[in-house]
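Visitor: Among the features that Swiss-Prot reports, topological domain 'Cytoplasmic' is placed at 1-53, 567-627, with the record citing sequence analysis. Per Swiss-Prot, the feature phosphoserine maps to Ser21. The compositional bias 'Gly residues' annotation in Swiss-Prot covers 23-32. What Swiss-Prot lists as transmembrane segment is 54-74, 82-101, 126-146, 221-239, 248-265, 301-318, 330-351, 384-403, 433-451, 468-488, 509-528, 548-566. Under the heading topological domain 'Extracellular', Swiss-Prot lists 147-220, citing sequence analysis as support. Among the features that Swiss-Prot reports, N-linked glycosylation site is placed at Asn182, Asn185, Asn193.
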Amino acid sequence: MTAEQALPLGNGKAAEEARGSETLGGGGGGAAGTREARDKAVHERGHWNNKVEFVLSVAGEIIGLGNVWRFPYLCYKNGGGAFLIPYVVFFICCGIPVFFLETALGQFTSEGGITCWRRVCPLFEGIGYATQVIEAHLNVYYIIILAWAIFYLSNCFTTELPWATCGHEWNTEKCVEFQKLNFSNYSHVSLQNATSPVMEFWERRVLAISDGIEHIGNLRWELALCLLAAWTICYFCIWKGTKSTGKVVYVTATFPYIMLLILLIRGVTLPGASEGIKFYLYPDLSRLSDPQVWVDAGTQIFFSYAICLGCLTALGSYNNYNNNCYRDCIMLCCLNSGTSFVAGFAIFSVLGFMAYEQGVPIAEVAESGPGLAFIAYPKAVTMMPLSPLWATLFFMMLIFLGLDSQFVCVESLVTAVVDMYPKVFRRGYRRELLILALSIISYFLGLVMLTEGGMYIFQLFDSYAASGMCLLFVAIFECVCIGWVYGSNRFYDNIEDMIGYRPLSLIKWCWKVVTPGICAGIFIFFLVKYKPLKYNNVYTYPAWGYGIGWLMALSSMLCIPLWIFIKLWKTEGTLPEKLQKLTVPSADLKMRGKLGASPRTVTVNDCEAKVKGDGTISAITEKETHF
């Protein structure tokens, strides 16, 4: 092994030319021909037209449904304002470091979610496969929420919302309009067994839910059409890559903020809103002694920041090499958390109003997840004047929040596949056909969640396939790979070459110690405190249902150890020799900025090397492995 192979830190010009020639199948033609081939390859892969497109695309991906329906609920559940303490701790120690790691890695390598890890450390290429498996699961089930929201939106264009009153064909005798409750009118109904019209609309009209996963039942064709509409919109948002995605996000990433602002203003002007906000923020410091509060804060960071999915790597790979991704990441992380915090005011002001109107404690109306989006909030708007208008705005906001998160996930998966096989998919309309194929396959797989028993399958996907446990597992290996194997100092050199300065040392130590330690602790807590999933805390799945859930969870997590085992098995030599070969970055992974263009001395993982301006190494000290 040569010194140049052991520590590839040069400017990478020759490597870029070689890669461009290889991508296009070229082999000769001299320097001019090679340069032309390289330029053509870069053009074919695409770049963002400007920084705004990148920022809006990332904002659209990370600012999604979880900001509206999960963070406010967790805040009130875990001590109100006191919950912000563990949230900020995880924000600094886990959120920003991993978010920045993935974005910077994509920008430095200009590769998708799999090939970036292959070039940095072949032994840990399984990280890329794990992220794409999680992403594939997400692509199938996340868009189901959009189908539900589209169905609700289609029912908003009436003078009276269909879930506001009883008397429809889907309502039962137990249906009671609580906000207009008159005991003489419901003498035949036991109030303990009564249900609301909004609940019956959700369970009987939308889901037509069966009594268990064992009874899948019929396909809900109306929802199937809504899902088809969602996938059609998603396809045309990304079918031209960054050319189309970069334009669409100007609408999809900004429109939800307009809707959120309108709903916030409306919410805080309602009677009872102040009590709802107080309930949301009132600090209960005693809750900080509960480990579950800290676990909830950590998992919320991972869920809402879209880390460990490969999305940030893919989006960052379309940046210009010298883009200041460090500043972008800090700004986007603050924007994401700020949006979650403000959304809590919009949600809990309305829940406070609903509790005020019904004369019940706010705890009885507070919901999380689909329960908030499709039961609690729709119920609240029925009590407002011009309720169809507010319902329309709310579901439009949900659709746009989910839409850009969905199509960015699909785009990231496509980017990973195309970068693995550039000669195959960067020709003609093959990339567009790949997106079409993935969309069609995901659509038909998703239909099973639109059956009468589909909600039970949806919950399995949500609780296992893309669970916090899977994300934490991937995050541990990402930090180990960059912090220890590739080397945090080396990666800081790469970042300095891109942005012109070195980030705070705190982030480097988070990669090496803090973040993997915290993630490992929460992961173990998950395993120790594991409780089998129950739908609505009532329905218990059969054993084979839990088996399917764990298979989906393991399908991503096992990618990493299996890949390590396979690579070690196939590589020749003793174990130390195998590790040495498999932990060396790709020889053409060069720095392309000012640092890579000038001679200098660099120290990476206790190795000191004299690097010439052409990217070769004139002298190198002992190269140690971290294994």
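Cβ coordinates come from backbone N, Cα and C, glycine included.
Thinking about packing and proximity, how do these listed features fit into the structure?
Guide: Same-chain neighbours of the transmembrane segment (126-146): 65, 112-118, 226-227, 230-231, 234, 308-311, 313, 370, 373, 398-399, 402-403, 405-406, 409-410, 412-413, 416, 438, 442, 445-446, 449-450, 454, 458, 461-462, 465-466, 470-471, 473-474, 477-478, 481, 552, 555-557, 559-564, counting only residues six or more beyond its ends whose CB sits under 8 Å from a CB of the stretch.
The average per-residue pLDDT of the prediction over the topological domain 'Extracellular' (147-220) is 84, rounded to a whole number.
Residues of the same chain lying 6 or more positions beyond the ends of the transmembrane segment (248-265) and with a Cβ under 8 Å from any Cβ of it are 52-53, 56-57, 59-60, 63, 68, 237-238, 339, 342-343, 345-346, 349-350, 390, 393-394, 396-397, 400-401, 403-404, 407.
Long-range contacts of the transmembrane segment (384-403) within the same chain: residues 63-65, 67-68, 142-143, 145-146, 149-150, 152-153, 156-161, 164, 230, 233-234, 237, 251-252, 255-256, 259-260, 262-263, 266, 270, 353, 373, 377-378, each at least 6 residues beyond the stretch ends and with a Cβ under 8 Å from a Cβ of the stretch.
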Visitor: Sequence gap of 6 or more, Cβ distance under 8 Å, 3 or more pairs: do the transmembrane segment (221-239) and the transmembrane segment (433-451) meet that?
Guide: yes
Visitor: Any contact between the transmembrane segment (330-351) and the transmembrane segment (548-566)? By contact I mean 3+ C-beta pairs closer than 8 Å, pairs at least 6 apart along the chain.
Guide: no
Visitor: Taking 433-451, 468-488, 509-528 as candidates, which has the most Cβ pairs under 8 Å with the transmembrane segment (548-566)?
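Guide: Comparing 433-451, 468-488, 509-528: 468-488 has the most Cβ pairs near the transmembrane segment (548-566).
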Visitor: Counting a contact as 3 or more Cβ pairs under 8 Å, with residues at least 6 apart in sequence, do the transmembrane segment (301-318) and the transmembrane segment (54-74) touch?
Guide: yes
Visitor: Are there residues at least six beyond either end of the transmembrane segment (54-74) with Cβ under 8 Å to its Cβ atoms? List them, or say none.
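Guide: Sequence-distant neighbours of the transmembrane segment (54-74): 48, 83, 103, 145, 245-246, 249-250, 252-254, 256, 260, 280, 296-297, 300, 303-306, 311-312, 315-316, 318-319, 323, 328, 331-332, 335-336, 339-341, 343-344, 346-348, 366-370, 372-373, 397-398, 401-402, 404-405, 408-409.
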